[in-house]
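S.K.: Handing you a structure now.
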Amino acid sequence: MAATSAAAAAASSIMGTRVAPGIHPGSGRFTAVFGFGKKKAAPKKSAKKTVTTDRPLWYPGAISPDWLDGSLVGDYGFDPFGLGKPAEYLQFDIDSLDQNLAKNLAGDVIGTRTEAADAKSTPFQPYSEVFGIQRFRECELIHGRWAMLATLGALSVEWLTGVTWQDAGKVELVDGSSYLGQPLPFSISTLIWIEVLVIGYIEFQRNAELDSEKRLYPGGKFFDPLGLAADPEKTAQLQLAEIKHARLAMVAFLGFAVQAAATGKGPLNNWATHLSDPLHTTIIDTFSSS
């Protein structure tokens, strides 16, 4: 009975398999092989991606990193800081835990592991890597969409009301809540709570989606009521146009913020000032005089 239990424990996928002493002299180690659930099938070999020589890059003659293979929409091989480089993990051997030894040795580094793809949906999260390139693409697109709305809002409000975007909050606090000059029947505190609840609910629903493609492009009657993405070829063009406009909007709003900090004026006022004297009213003159 004892021999049968010992043999079963030695062959158990949970307990692990004892490594012969000849492999690691002077220490007793176990190689744990966990076998919960069904055994995963070997991944199918996919065709090797080929990168064409006429692929557009961010700079003529630039060398694209290996992890930017052109598969993402709007990928021009620009990653000077290597932020999208796949994470590399060290694999350690198990520490020696043999009570019969005078000294137990720590596990050594036995190799490295690199995730091939970071968009692996699980019941709890859509990505296997928090700082992976797929997660960065989602953040870039979401921030770009907010920047497009913010840029349009900053220009529209200043054009229609004359109030700059950086002073909009002060006007609301002094004169009360309003929209395009029309008073609203809500206080600032009520509007803040409405914004928190509405945006919080939307973000909660978006983060509940585990499909990385649907997280970026949900589509449907709410987000594509005109059916513009029905044609796959047209969809690719629209996605490329969106990411280009998103990047331009993020740079534009960064310029709005720098202008507001340097001059205290809005973007339209700064633009009119520059057009009145283009040779002497530039960003260089502004910073040199401040």
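Keep in mind that glycine also has a Cβ here, set from the backbone N, Cα and C atoms.
Sharing the features that Swiss-Prot gives for it:
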| type | residues | note |
| --- | --- | --- |
| BINDING | TRP58 | chlorophyll b 1 binding site |
| BINDING | LEU180, GLU242 | chlorophyll a 3 binding site |
| BINDING | ARG206 | chlorophyll b 4 binding site |
| BINDING | HIS274 | chlorophyll a 6 binding site |
| MOD_RES | THR112 | phosphothreonine |
| MOD_RES | THR114 | phosphothreonine |
| TRANSMEM | 146-166 | transmembrane segment |
| TRANSMEM | 184-204 | transmembrane segment |
| TRANSMEM | 248-268 | transmembrane segment |
S.K.: Just give me the nearest neighbour of the residue listed as 'chlorophyll b 1 binding site' among the binding-site residues LEU180, GLU242, HIS274, Cα to Cα.
M.R.: GLU242
S.K.: What residues in the same chain, six or more past the boundaries of the transmembrane segment (184-204), come closer than 8 Å to it by Cβ-Cβ distance?
M.R.: 172-173, 176-178
S.K.: With a 10 Å radius around each C-beta, find which of these recorded positions (THR112, ARG206, GLU242, HIS274) has the fewest other C-beta atoms nearby.
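M.R.: So among THR112, ARG206, GLU242, HIS274, the recorded positions given, the one with the fewest Cβ atoms within 10 Å is THR112.
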S.K.: Which of the binding-site residues LEU180, ARG206, GLU242, HIS274 has its Cα nearest to the Cα of THR112 (phosphothreonine)?
M.R.: ARG206
S.K.: If you count the other Cβ atoms within 10 Å of each Cβ, which of the binding-site residues TRP58, LEU180 comes out on top?
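M.R.: That would be TRP58, with the most Cβ atoms nearby.
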S.K.: Which one is it: of the binding-site residues LEU180, ARG206, GLU242, whose Cα lies the shortest distance from the Cα of the residue listed as 'chlorophyll a 6 binding site'?
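M.R.: Comparing Cα positions, the candidate nearest the residue listed as 'chlorophyll a 6 binding site' turns out to be LEU180.
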S.K.: Quick one: what's DSSP say for the residue listed as 'chlorophyll a 6 binding site', helix, strand or coil?
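M.R.: The residue in question, the residue listed as 'chlorophyll a 6 binding site', is helix (DSSP, three-state).
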S.K.: Under an 8 Å Cβ to Cβ limit, what residues of the same chain, 6 or more beyond the ends of the transmembrane segment (146-166), are close to it?
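M.R.: Cβ under 8 Å, 6 or more out: 180-181, 245-246, 249-250, 252-253, 256, 260, 265-269.
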S.K.: Do you know offhand how many angstrom separate LEU180 (chlorophyll a 3 binding site) and the residue listed as 'chlorophyll b 4 binding site' by C-alpha?
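M.R.: With the alpha carbons as reference points, the distance is 30 Å.
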S.K.: Express the distance between the Cα positions of the residue listed as 'chlorophyll b 4 binding site' and GLU242 (chlorophyll a 3 binding site) as a whole number of Å.
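M.R.: With distance taken Cα to Cα, GLU242 (chlorophyll a 3 binding site) is 19 Å from the residue listed as 'chlorophyll b 4 binding site'.
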